[in-house]
Amino acid sequence: MADDHKLCGFLCTVLSVDSPDLLQSGSSCFIFNDGSVTGFKSENGLILSLTNPISNLQSLISSKGDHDVENSGTIEDGRLETPQKRRKCVEGESSGKRKTPKSKRRVLSGSKEKTVQGRKRVKSIGMVNGSISVVQQLHALVANKCLKIICRVVKVDKGENGEERAVVLVDVYLPIELWSGWQFPKSQATAAALFKHLSCDWGLRVSILDGKSIWEEANGRIKAIWDLSDCHVFDCKLLCNAPNSPKRRLFKLHEIFKSLPSPGNHDVSYSSRVLPSTDSCVSGVWDLSDDVLISILMKLDTKDLFSIAAVCRLFRSLTSLIVPCMNLKLFPHQQAAVGWMLERERKAEVSSHPLYLSFDTEDGFSFYVNAVTGDIITEAAPMVKDFRGGMFCDEPGLGKTITALSLILKTQGTMADPPEGLPIVWCTHKSDKKCAYYEYTSDQFTSNSMSAVKRFQSPSSCRNQVSFEAFRPLLESKSLPFKQARLMDPDDQTLESKNSNFENEFETHIPASLDLKAQCRKSLGNVRKNLLPAYNGASELSEVMEAKRISNWKKCGMITGCKRKGLTDSDVESDIWMQCDSCSKWRRIIDEGVSVTGSAWFCSNNNDPAYQSCNDPEELWDKSQPIKYLQGFYTKGASGEESDNISFFTSVLREHKSSVSSTVKKALIWLAKLPLEKLSQMETVGLPGPVLGLKLDALGFQRIFRAFGLKSRVEKGVTKWFYPKFLENLVFDVPALKVALCQPLDTFRLYLSKATLIVVPTNLVNHWLTQIQKHVCSDQLRILVWADHIELSPHSLAWDYDVVITTFSRLSAEWNPRKKSPLIQVHWLRVMLDEGHTLGSSVSLTNKFQMAVSLTACNRWLLTGTPTPNTPNSQLSHIQPLLKFLHEEVYGENPKFWEAGILRPFEAEMEEGRLRLLQLLQRCMISSRKKDLQMIPPCIKKVTYLNFLPGHARSYNELVETVRRNILLADWNDPSHVESLLNSKQWKFRSITISNVRLSCCVAGHIKMTDAGHDIKETMDALLENDLDLWTEEYSFIQDSLIGGCNCKRCGEWCRLPVITPCRHLLCLDCVALDSERCTISGCGYLYEMQTPETLARPENPNPKWPVPKDLIELQPSYKQDDWNPDWQSTSSSKVSYLVDRLRKLHEGNKKSILSFNKTDNDNLEDNPPGTSEAFLGKELHGQDCGSQMVFVDKVLIFSQFLEHIHVIEQQLTTAGIKFGKMYSPMQSYNKMKALAMFQNDADCMALLMDGSGALGLDLSFVTHVFLMEPIWDKSLEEQVISRAHRMGAKRPIFVETLTMRGTIEEQMMRFLEDAEKSDRLLSGDYIEAKQETTRSRRTLHDLVESNYLSHLSFVRSDGKMEFAASQLAGLKDHQLA
């Protein structure tokens, strides 16, 4: 190779050889492509071809059937590219077109749209970069002059079938311009896919060239040559779709979660001891055992524990086990979890970028290639900074809430860390001198420290950022625009910030008059602070209005708006006025000892209790005395441009930022250009304002002018501007205004907080409060539950509380790009999302997700027992939103890296995707599992199959009959028919149908159905043409049966919608479906008129699958029908009957347990010593009644997902006299909590009836039995429900019983879930019934087999006919398989 390229890596690829005798080891070869075949060609012309050539793609796809054809695709740049538009189905011409069955037209009214069948991705080729053959990639890169290669044959092996394969060593060379910034000119993604296979093990390469034994042989053959992946790389470590890989189960997400670190339940022992410094016999702390020391340390608060932990290693280890002010001892797995979470919060580790591959050339030069984008870096290895926080994913019921509270208590009093490079402003708030905040502008954003702040800037907010480029010529002093003066640290060091509104070439300097000290609240003496009314009226308040305000504003018995009683004139002269930074109201400070020089000041700092809230009205000054100082003005004779005035003007402009339009800009420029002689007119006759046209625009700048301190008056239709009255020797500070107009207006302030923000579902607020009240020392934590009606200032939210609890709905409501929420203006110590997986439940951009991501916090935590919903084909995609909330730098901030680096490789079962995911989750997720803990009693599950009661069975069959009739008459169960429920286009209607069928297993219902008289007449006329006599009883019987139903002629079972055959037999759907070619009545055998697929194609079914009985289908009438409606009032449910019987038995057992308990107590009463008070004994026994008795009582949890089913259960439990509580939507929260308290404390209340709204957060560890009234498809939800009882604190085994109706869709689902092998085949794409699905995302597991459920629906028979129906159904299924 020429000197302009370097050897950067190598790989070995495997190819087929037609004539191995002509090929020798060491032979050179070159890559080629003749348009149809890509491979290598040796020097003697021998072709080495791919073992699965791409040219066979079309035949490979075609062999899988029409339903597998997505797009043939094209190979470009070494990748398989898929066209954007689907290939349209070709509609063949049919000479025998027939009308759409009338029974179909009632379903979707004859849709004419062509069907598009679901297609399965062809994994043998692969859509993920890296799974396509490296030979294709090499050819594309060589053709595009991205690299050069040298190839030689190093090994040839022969298989059992006589096939010969060769191993080709490929050396890859890159140009030396790489170290001068060279990048791949084309096909970067292809290059990235190729470089994942390259190796820089130069010792291995030497061994390969020397012919040393590096080949692992099995049965005399080289195993890696014959166990080949799609990439054709010898011994590929990435497992690119290896055939029949035994590691397929490793790509199940629940298997990934199981492999994550679990704290376990082992106690941590410490060997450190305190030793005396001498051999003295004096006793000391070294004589105390660890248990004694721990009991002492548990009495200390957080601050004292921090102090004593610094003494020695023993105390450091002992304090790590203690949670201050917690009223219980943590379990070992909780202690380990708290330790892990503290370690994650202490510091963010810096590590190498997971997507950059490291390479070394043969002569030692290093470079790095991005495995997704193909970007090359030759300098230092790229590094990424880990986030602080993570995902706390203990299984439900293991005490995540207590663990989270322990973390909060361990770090109580710790303030959030501000971003680097910004000064902190310290201030006092309610006697707390350690309050702080910081400010920044848009030009101070950095990629790391302020990335969180960028997120809540919407495009609309960016448009509101004002630029005053036009004012640059006005800067006579060439002053450097600076940040607001109050932004500084305690040492008076200020931030030197640039102004994003100016170009860098302007040279400016800081004027001497600006010392950049903190803004001074000066003694204003006789200054009246209500000089700037917000309305356009008189220059001062009239005495009448003043009196009115005095009469209306009263607080704590003190009248506001006038001089305070008891003040002397000397007090007035020493008066100090302070402006609140939150509400901008002015407060008068009388205490002369108060420091007036500082940063932020708030109403809460006021010594006067009548004015310590921002909600209190502003005080008024009622003396008309000369004003010697006023912000925005300077003393005559001075140069102006005072720092206080610059800050004042800047704050006013920022406050009115939304009002600054082009017209307002012109007015401000006019004001800033006024000379002194013009300003002097404001003292006397008034200065006419700028003429800007529209009155609406004038209102904007007039508000700003008044905020500056100027007064307006209309004289003869002309608005004139004046100085305030009683102004003495002061001039408007125009130079300061010029500087202020050049300040950036997009300033944000964040208040540093010691608080933790906890966001929970609405139904878990009371759970958190209960846990805090029960397990945390009283008054230890300052708690705020932020409800919808509460309005708080940001600084109060940040500094007044240790824990702020709010809901996801509140979080969503707070998102407003045009207005900053108080939540966004706080820099939280920690943000926790309980049940945080709900952020990833939607792929769309929701308000709550945007708000959660926009929150600024040092530490971010997700608490959930179910990180992803149970959606096997798309569940991994739900993790990326969680990573974005956590601000994970690689995969959370860059969706492209997530998709190409983890999601697509993982779904393609490539090892690199699994390893990256595992590496990511092992770093930021922890999960304890119940099976690893020994303190929890077992959970015993069983499924109980029940039979219908006769009335309920008839209701169920009526709905099933309607569904099956639709499917059968749509070209005889053909899923290609666009009006069939099995068709992929009908997925929404199919889901509704399945939900109704599920509900009908629990609740009786009805379909209001009327015949279409015209259609039935057509049917009867057709029968008359087939020799039916109009005046016979047979004619009347058939007509009446089609209208009202009849018994099946073959099996005798009642059918509401019978099928009439051309031979005039009335059959049920089961009997007619036994044979599609002839009548199934014994002795009849009438042959139907069959129509073949070749003549059957039409818009309703462009791709027929099989022949159908044309005359039978067209003979059937259609029926007008309404939706299926549940009727719970009249339901006789066998499920509830079974439940009542079980509850009665448990209730009898409870009575015996309580009687036995009371008898034992009475025996103990006789053993009490003489003289014991009977009243005391009675009180003691009564106290035990609610506690000790509960240990012996069976409590039952009843769960249903359907409100109608809950009503049936509620009705029949009440009738049976069983006392129960209820928690279900839409009950009010108060009633739910009342019912829960009754269930917990009343021994006679043995059952709690609830729906999914109570499946989260409840601690029902005293419950012994759980009844699931219907199968729960989402297994994560089922686990949540069971975990209400099966959790820490449970003392007895938990019995879980799932009630399932026999022979229904419920039984189908239970059988499917119990068959793990079938589930695996379905999820891998091999299950035949799932082939018709489209590419839409599957929401739950049962979505994958919806069509299978409907196609196997069967009627429910009663009593003796069950066996007959079972045999009929078996025969029907065998016929369909045949």
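From the backbone N, Cα and C atoms, a Cβ is placed for every residue, glycine too.
Noted in Swiss-Prot for the protein shown:
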type     : residues                                                       : note
BINDING  : CYS580, CYS583, CYS603, CYS614                                 : Zn(2+) binding site
BINDING  : ASP733, VAL734, PRO735, ALA736, LEU737, LYS738, VAL739, ALA740 : ATP binding site
COMPBIAS : 65-96                                                          : compositional bias 'Basic and acidic residues'
COMPBIAS : 97-107                                                         : compositional bias 'Basic residues'
DOMAIN   : 282-328                                                        : domain 'F-box'
DOMAIN   : 720-885                                                        : domain 'Helicase ATP-binding'
DOMAIN   : 1185-1324                                                      : domain 'Helicase C-terminal'
REGION   : 65-113                                                         : region 'Disordered'
MOTIF    : 834-837                                                        : motif 'DEAH box'
ZN_FING  : 571-622                                                        : zinc finger
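Here the features listed in Swiss-Prot are painted onto the structure.
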| residue | record | contacts (Cβ under 8 Å, 6+ apart) |
| --- | --- | --- |
| CYS580 | Zn(2+) binding site | TRP586, ARG587, TRP601, PHE602, CYS603, CYS614 |
| CYS583 | Zn(2+) binding site | CYS603, CYS614, SER793 |
| ASP733 | ATP binding site | GLY632, PHE633, TYR634, GLY640, GLU641, GLU642, ASN645, PHE649 |
| VAL734 | ATP binding site | GLY640, LEU671, ALA672, LEU674, LEU679 |
| LEU737 | ATP binding site | ASN645, PHE649, LEU668, LEU671, ALA672, PHE708 |
| ALA740 | ATP binding site | ASN645, ILE646, PHE648, PHE649, THR650, LEU653 |
The motif 'DEAH box' (834-837) - residue tally per DSSP class, helix then strand then coil: 2 helix, 1 strand, 1 coil
Across the domain 'F-box' (282-328), what does the mean pLDDT come to, as a whole number? 78
Centre the Cβ atoms of CYS580, CYS583, CYS603, CYS614, go out 8 Å, and tell me which other residues of that chain have a Cβ in range of the Zn(2+) site. ASP581, SER582, SER584, LYS585, ARG587, PHE602, SER604, SER613, ASN615, ASP616, SER793
Same-chain, non-site residues whose Cβ lies within 8 A of the ASP733, VAL734, PRO735, ALA736, LEU737, LYS738, VAL739, ALA740 Cβ center for ATP are GLY640, GLU641, ASN645, ILE646, PHE649, ALA672, LEU741
According to DSSP, how is the domain 'Helicase C-terminal' (1185-1324) divided among helix, strand and coil residues? 61 helix, 24 strand, 55 coil
Across all protein chains shown, the one of the binding-site residues CYS603, VAL739 with the most other Cβ atoms within 10 Å of its Cβ is VAL739
Within 10 Å of each Cβ, count the other Cβ atoms and name the one among the binding-site residues CYS614, ALA736 with the highest count. ALA736
Where does ASP733 (ATP binding site) sit by DSSP, helix, strand or coil? coil
Would you count the other CB atoms within 10 A of the CB of PRO735 (ATP binding site), including those on all shown protein chains? 22
According to DSSP, does LYS738 (ATP binding site) fall in a helix, a strand, or coil? helix
Using DSSP and three states only, what is CYS603 (Zn(2+) binding site)? helix
